[in-house]
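Novice: Please see the structure below; I have some questions.
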């Protein structure tokens with residue numbers, strides 16, 4: 001036998017109730033249990049005999065089960081004879097189609113394909129439902145070879161005009177990576193519906209061809225929610241969150257209502273962009289339309305609020321969840337760690353263990369980050385050891401990177417270096433980069449040069465590593481080495497990534513780059529900054545010009561550091577948002593030491609919470625303090 005017969009239920013039949021009307025005549029009277037549970041042709045013959053003895057109608061037999069029991073045995077013809085006896089009620093092809101559907105949707109779709117060939121051997125004429133089930137089996141198995149044969153059958157028996165089958169064939173070719181053939185079939189189809197277009201768009205996105213997908217999307221005669229959602233989700237997956245949000249706006253203009261999948265995709269885009277206003281609006285929409293119980297939406301909401309700097313809202317979503325998965329707990333633990341609330345993250349992990357949720361690798365990344373940012377060295381070591389010992393989780397390179405970061409931040413540079421050398425896999429740029437960053441803080445030039453040697457091999461075009469090394473040399477007063485690094489970057493055509501920061505005001509994202517002078521409010525921004533600067537100086541602020549690596553006059557350095565993108569975004573936010581409301585800024589690079597010190601002072605001066613999400617973490621400034629234990 002190639003399948004588990006007991007897994008197939010008896011299909012409903014109009015005559016099934018007759019079973020209950022048959023009164024027992026003797027111990028040999030037909031037993032209902034046997035009728036329902038025969039598992040071999042031999043048992044089927046016993047049931048058949050009892051039907052004849054009790055004068056019951058043959059139609060009370062569950063015909064799909066008859067077919068499944070006899071399909072791959074010498075009794076195939078016997079099953080055909082039974083079907084012909086009840087052919088007026090259910091034609092033979094109808095019954096075999098039921099068998100094919102059950103097999104195609106079961107645990108062993110290959111059986112549906114084998115049964116199809118058996119049917120052809122016994123001259124059972126296929127219809128569109130036959131082809132549909134076998135194509136479904138080919139699709140589930142990504143079996144292009146048999147799929148091509150079915151495609152030929154469809155053409156040969158004259159089903160070319162069946163749009164459902166044509167869609168399945170296009171889907172099969174595309175899913176098997178034959179996009180050229182799928183596109184050829186698509187273009188030659190005499191008619192297409194929205195499903196046809198959606199199949200091609202979804203598969204192009206899966207193949208990474210987002211431009212091709214959007215080209216088809218723009219040509220669609222009509223679009224449904226799935227069309228819009230596929231494109232929005234595709235943009236999010238390839239890191240084009242802005243395009244995803246823009247497309248969502250068009251979807252709203254077209255009057256198309258979101259479904260739960262759309263909500264997840266748009267929330268993910270909001271998380272990437274820090275688009276809090278839109279994220280909150282989607283949250284309200286989700287609640288109004290009864291999506292609150294969708295665990296995936298709740299998990300994405302937690303991630304969105306965490307990445308937008310609204311940790312309390314994330315906590316609220318988490319607390320209101322009726323069902324929590326390991327993803328929910330891990331997202332919350334990681335969010336607390338990102339915001340510098342390590343003790344709460346560790347406490348939440350304890351709660352997670354008490355309710356019996358097993359952690360996964362992502363959970364431990366959050367825990368190790370928490371320990372790293374708060375300097376909890378012994379706890380970090382314990383969690384790293386616990387992964388394999390207590391939960392059987394093999395540490396991945398991300399976990400090793402967290403441990404290097406933990407040791408490096410604590411100043412244990414030599415131990416961190418030894419840890420890297422003893423890793424069971426080759427260290428990547430993130431691992432060596434963590435050591436390099438610590439070398440700057442702890443002013444260890446020799447170890448920095450060791451780290452950069454590996455980084456130049458792994459990622460020679462990453463400007464960040466050169467900038468950090470240049471900083472280390474500059475702070476050590478080794479200006480010739482600083483100039484050498486700059487020349488090295490120029491010779492290799494490595495361009496420094498310009499710093500930019502963004503802030504959302506009234507639903508509009510405003511971006512600023514370092515030294516911004518093209519913004520229409522530039523003059524007012526500079527004027528407001530000078531006013532703030534006077535108040536900051538009265539409180540002891542002195543610009544930290546060590547972050548400027550150019551060999552220029554001190555006055556020029558002060559001007560240079562005053563034009564950092566996060567300062568411009570902050571001032572713009574202060575000028576254009578109501579008093580006492582939080583300011584939320586996104587930055588593509590790390591916030592510099594001078595901006596970090598300035599923001600602490602400004603938060604007290606203007607009595608505002610200032611949240612900055614930089615490349616590494618969140619900094620929540622409030623009343624002259626920051627949520628992180630240290631700057632970096």
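Just so you know, glycine gets a Cβ as well, placed from its N, Cα and C.
Here's the feature list from TrEMBL:
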type	residues	note
DOMAIN	540-632	domain 'DYW'
REPEAT	193-223	repeat 'PPR'
REPEAT	224-258	repeat 'PPR'
REPEAT	294-324	repeat 'PPR'
REPEAT	325-359	repeat 'PPR'
Novice: With DSSP, how much of the domain 'DYW' (540-632) is helix, how much strand and how much coil, in residues?
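Specialist: Taking the domain 'DYW' (540-632) as a whole: 37 helix, 16 strand, 40 coil.
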Novice: Is the repeat 'PPR' (193-223) packed against any residues at least 6 beyond its ends, judged by a Cβ distance under 8 Å, and which are they?
Specialist: 163, 166-167, 170-171, 174-175, 177, 179, 182-183, 186, 230-231, 233-235, 237-238, 240, 254, 256
Novice: Taking helix as H, G and I and strand as E and B in DSSP, count the residues of the repeat 'PPR' (193-223) in helix, strand and coil.
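Specialist: Result for the repeat 'PPR' (193-223), in helix, strand, coil order: 23 helix, 0 strand, 8 coil.
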Novice: For a three-state summary based on DSSP, what are the helix, strand and coil counts in the repeat 'PPR' (325-359)?
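Specialist: Going through the repeat 'PPR' (325-359) residue by residue, I get 26 helix, 0 strand, 9 coil.
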Novice: Using DSSP, what is the helix/strand/coil residue split across the repeat 'PPR' (224-258)?
Specialist: 26 helix, 0 strand, 9 coil
